[in-house]
């Protein structure tokens, strides 16, 4: 699956500014994906190849912050 990484504590997307390295590390090492980057226009980490449960979904996840 592809999409924005989910912060399971807050229900929000994992935020970033311009740091592809941190998003890629989060995607690869912690979420089982193969490539992650900071999507600049949304200021959120986008991950390719992660499990669906690791990704933010507009319909099912509510941001608490």
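Every residue gets a Cβ built from N, Cα and C, even glycine.
What Swiss-Prot says about this one:
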type     : residues : note
DISULFID : 12-63    : disulfide bond
DISULFID : 16-38    : disulfide bond
DISULFID : 23-45    : disulfide bond
DISULFID : 27-47    : disulfide bond
DOMAIN   : 1-64     : domain 'LCN-type CS-alpha/beta'
MOD_RES  : 1        : pyrrolidone carboxylic acid (Glu)
MOD_RES  : 65       : serine amide
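Shown here: features listed in Swiss-Prot, placed on the structure.
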residue : record                            : DSSP (3 states)
1       : pyrrolidone carboxylic acid (Glu) : coil
12      : disulfide bond                    : coil
23      : disulfide bond                    : helix
38      : disulfide bond                    : strand
45      : disulfide bond                    : strand
63      : disulfide bond                    : coil
Select the most exposed residue of 12, 16, 23, 47, 63, where exposure means the fewest other Cβ atoms within 10 Å, treating these as the disulfide-bonded residues. 63
Quick one: of the disulfide-bonded residues 12, 16, 38, which has its CA closest to the CA of residue 27 (disulfide bond)? 38
Densest Cβ environment (other Cβ within 10 Å) across the disulfide-bonded residues 27, 38, 45 belongs to 45
Rounded Cα-Cα span from residue 45 (disulfide bond) to residue 12 (disulfide bond), Å: 11
I need the CA-to-CA distance for residue 16 (disulfide bond) versus residue 47 (disulfide bond), whole Å please. 12
Within its own chain, what residues at least 6 apart in sequence put their Cβ under 8 Å from the Cβ of residue 1 (pyrrolidone carboxylic acid (Glu)), listed in sequence order? 49, 50, 51, 52, 55
Summarise the model confidence on the domain 'LCN-type CS-alpha/beta' (1-64) as a single mean pLDDT, whole number. 93
